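Undergrad: Below, the features straight out of Swiss-Prot:
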BINDING   Cys108, Cys113, Cys138, Cys141  Zn(2+) binding site
Amino acid sequence: MSKELIVSKIENGTVIDHIPAGRALAVLRVLGITGKEGARVALVMNVESKKLGRKDIVKIEGRELTPEEVNIISAVAPTATINIIRNFEVVRKFNVTPPEVIRGRFKCKNPTCITNAPREPVEPTFYLVRREPPLFVCAYCGRYHELGDLV
């Protein structure tokens, strides 16, 4: 493996590292990043990792994630590490942790759940019932959702 950078360093922003291989697009989706926001986003998929074997990396220039955004990432990438970058240096580094409650970010996979009824203005709500690996339950129908279900 070459030691050269695949993607250049960012001056200020957030680097999301140790994303399980193939999950970077799901991370962008839960963060609501479509590419139309104007921020420069770099996405690297399936790079070698000592920790995971293979991993994805997302770099977001000029944006520091909020604590809510950081923790929502754990629903799709529980091994992710967040690096806050200022002046090309890592000023904070931490792991994601699953939130106790998720509201309005995901759809319940149960097609008969009240949250999926077109005329019912019910916000999907999920409660964390297990941290490792993350397991959530729908507050309305009781369906359990594992990693990857909430995308």
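Cβ coordinates are placed from backbone N, Cα and C, and glycine is handled just like the others.
Remember, predicted model here, so these are calculated numbers, not experimental data.
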Undergrad: Which is it, of Cys108, Cys113, Cys138, Cys141: the one of these binding-site residues whose Cβ has the most other Cβ atoms within 10 Å?
TA: Cys108
Undergrad: For Cys138 (Zn(2+) binding site), what is the secondary structure state per DSSP, taken as helix, strand or coil?
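TA: Looking at the DSSP assignment, Cys138 (Zn(2+) binding site) belongs to a strand.
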